[in-house]
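Structure record follows, encoded as structure tokens.
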Amino acid sequence: MLYKGDTLYLNWLEDGIAELVFDAPGSVNKLDTATVASLGHALDVLEKQHDLKALLLRSEKAAFIVGADITEFLSLFQVPAEQLSQWLHFANSVFNRLEDLPVPTLCAINGYALGGGCECVLATDFRLATPDARIGLPETKLGIMPGFGGSVRLPRLLGADSALEIIAAGKDITADAALKVGLVDAVVKPEKLIEGALRMLRQAIDGELDWQARRQPKLEPLRLSKIEATMSFTIAKGMVMQTAGKHYPAPMTAVKTIEAAAGLGRDEALALENKSFVPLARSSEARALVGIFLNDQYVKGLAKKLTKETETPKQAAVLGAGIMGGGIAYQSAWKGVPVIMKDINEKSLTLGISEASKLLNKQLERGKIDGLKLAGVIATIHPTLDYAGFERADVVVEAVVENPKVKKAVLAETEEKVRPDTVIASNTSTIPISELASVLKRPENFCGMHFFNPVHRMPLVEVIRGEKTSDATIAKVVSWASKMGKTPIVVNDCPGFFVNRVLFPYFAGFSQLLRDGADFRQIDKVMEKQFGWPMGPAYLLDVVGIDTAHHAQAVMAAGFPQRMQKDYRDAIDALFDAGRFGQKNGKGFYAYQEDSKGKPRKVPDDAVDSLLAEVSQPKRAFSDEEIVARMMIPMVNEVVRCLEEGIIASPAEADMALVYGLGFPPFHGGAFRWLDTQGSAKYLDMAQHYQHLGPLYEAPAGLRDKASHNAPYYPQVEPAQPVGELQTA
């Protein structure tokens, strides 16, 4: 053996051909700081081998390299800008040395080669991939851009257009797609990968393949005429502005960096990449997006730990068809758990099956499935008007009308029709689980399972623990939600649970602004364009349904009278009384018309202004800053209360529930990350400025305590060691 590090080793394969094998402890290879340093040590050894004729890079794992070690990012990005720049310069010098070896190099790619793994691949002369390989640069999804030469080598290898598409969108592509654009030289069966790699290297050694000619374009300026460059970069910038917008600077920075480096050789282009990377890495957007990635891993890890000894349900049932029931049935069947769908109404059953069929047909149209798969999934959804087959159900979810009397009657009846060990869950959005459990003989087998609409798109499922819910019940439901491809987050019981409990104070802030003379159109614009919500509050209420919100608002007011009981008639009341229920009947805050695809399109409707005038003071101007503060303080305060009361277990789970359940802008990272970014002391000052507006604006005790020493909610991340102490030599 020529060299053995902790995460890779170097060996002779055959006469003159060495292999560099990535083999980190654990299940996957990551390109962390230690591996970059170890790669440098391996190159020290290789550069001294006078009889070296070629180098093969491969992985001992099921994937080549899954990317950088993202757990290092938060601390690495905390180091001073100059030190981070120095470390990047060191890392790039390692990849340059790999690229500059005086012999042909080839990378044998199996599984994932993402981020730094892809950048390692790009430094070699030839690339072979197995059919399951996926190669790409997802950095912009984390608020950064490639930092190990990806923005330099990929455009020179593929051409500007293909490279810009991959880098700006943070895409990874299949082996076949990589072959088509020239990212790999061939796709070979896994069992033939090493054999094919050695054959290609021998051809390069013998001069049949010109490896030096393959390498040269990566060292030179991008081969683009002035007209081609103008077209490529203008189109790319336009697309990025349309898709990413101003809140996500990484994609635009990457495009502009590639454009600025187009006329430069490798080393000058890498210096530009370094210069662009460092400010992105130290931005609040990167901190938030990396935080979301880490929180997502944490939440998924909790679910995995919780269900370690739990068998995934083999048969499910849904009570109540229609859009929601049909969506749940589709998702369960699509992910491989057969489902019985019961309703008392034939029409509703037809609607439920129709909803599932519609979603499957969309998959068929997109080429994701064939007719056989479609028929197979539909065959596992069994519509019924009675309880036939319910004795087989491991888990049943009730999705009937949001009325406690109806739900209690249905739940009590269902309990008599299922096995004693069957878990029953309610898809209620606001009614306390312990209240619904009061009619059950086996309340320990009952919990809440709150899906979000549309079920097939929304990743979150709130799993609600009632007073008597057992751990086994929670584990069973979490297991089913995970099997359905959802992110389950366990919360404790209260009116509205977590997501709706924190959403309605946000709506209350909106109602108060309207009462005080604000224009709902301006509020929507500010909350969408400035704060970054996918929908402003007026538009969101129209989508949720004014009637639904009116009912839920009453439930929340009864549950939290001190804060959520209002003493005035608000905009939601006015629209509800006027029969303006939102998208469902074509008029709410806005009017709705069907577009060419049959989807509701928002259009202005001046008639609403006279209705709102009845419950509002005369119109007056509000600054964008005041609108954001008055909208967000009630929500953030309630989020903090939920943590303090143990409704939600951690800031990470709270932030993921907000991002996945409500569409909280990812570049803010969630309520706790947003609060930490401002600083708890500054946030408290803002809240106190508005506390005259009522109890929703009064900061909770725990927050006031944190603000007294400006403490964050997330653990303080210490900067990584200075670069001189990082493993750079």
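From the backbone N, Cα and C atoms, a Cβ is placed for every residue, glycine too.
According to Swiss-Prot, the active site, for 3-hydroxyacyl-CoA dehydrogenase activity annotation covers HIS450. Annotation source Swiss-Prot lists substrate binding site at ASP296, ASN500, TYR660. Residues or ranges marked as NAD(+) binding site by Swiss-Prot: MET324, ASP343, VAL400, VAL401, GLU402, LYS407, SER429, ASN453. What Swiss-Prot records for 1-189 is region 'Enoyl-CoA hydratase/isomerase'. What Swiss-Prot lists as region '3-hydroxyacyl-CoA dehydrogenase' is 311-729, and the listing cites sequence analysis. Per Swiss-Prot, region 'Disordered' is recorded for 708-729. Annotated site 'Important for catalytic activity' per Swiss-Prot: GLU119, GLU139, in sequence order, evidence recorded as sequence analysis.
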Whole-number Å distance separating the Cα atoms of LYS407 (NAD(+) binding site) and ASN500 (substrate binding site) is 19
Pairwise CA distances across ASP296, ASN500, TYR660 (listed as binding substrate) top out, in Å, at 21
One of the recorded positions GLU139, VAL401, HIS450 has its Cα closest to the Cα of TYR660 (substrate binding site), namely HIS450
Same chain, |i - j| six or more, Cβ under 8 Å of MET324 (NAD(+) binding site); the result in sequence order is ALA399, ASN427, PHE451, ASN453, VAL455
Cβ proximity for GLU402 (NAD(+) binding site), under 8 A, sequence spacing 6+, ordered by residue number, returns THR428, SER429, THR430, ILE431, THR548, HIS551, ALA552
Cα nearest GLU139 (site 'Important for catalytic activity') among recorded positions (ASP296, VAL400, HIS450, ASN500) -> ASP296
In whole Å, the longest Cα-Cα distance within the recorded NAD(+) binders MET324, ASP343, VAL400, VAL401, GLU402, LYS407, SER429, ASN453 is 19
Quick note, HIS450 (active site, for 3-hydroxyacyl-CoA dehydrogenase activity) and ASP296 (substrate binding site): C-alpha atoms separated, nearest Å, by 19
Comparing the Cα of ASP343 (NAD(+) binding site) with the Cα atoms of the recorded positions GLU119, ASP296, ASN500, the shortest distance belongs to ASN500
By the 10 Å Cβ-neighbour count, the most surrounded of the recorded positions GLU139, ASP296, ASP343 is GLU139
When the binding-site residues SER429, ASN453, ASN500 are compared by other Cβ atoms within 10 Å, fewest goes to ASN453
Within 10 angstroms of the C-beta of VAL400 (NAD(+) binding site), the count of other C-beta atoms across all shown chains comes to 24
Rounded Cα distance in angstrom between ASP296 (substrate binding site) and GLU119 (site 'Important for catalytic activity') is 25
Expressed in Å to no decimal places, the gap between the Cα atoms of ASN500 (substrate binding site) and VAL400 (NAD(+) binding site) is 18
DSSP says HIS450 (active site, for 3-hydroxyacyl-CoA dehydrogenase activity), in three-state terms, is strand
Whole-number Å distance separating the Cα atoms of GLU119 (site 'Important for catalytic activity') and VAL400 (NAD(+) binding site) is 52
Residues near VAL401 (NAD(+) binding site) by Cβ (under 8 Å) yet at least 6 apart in sequence within the same chain, in sequence order, are GLY320, LYS407
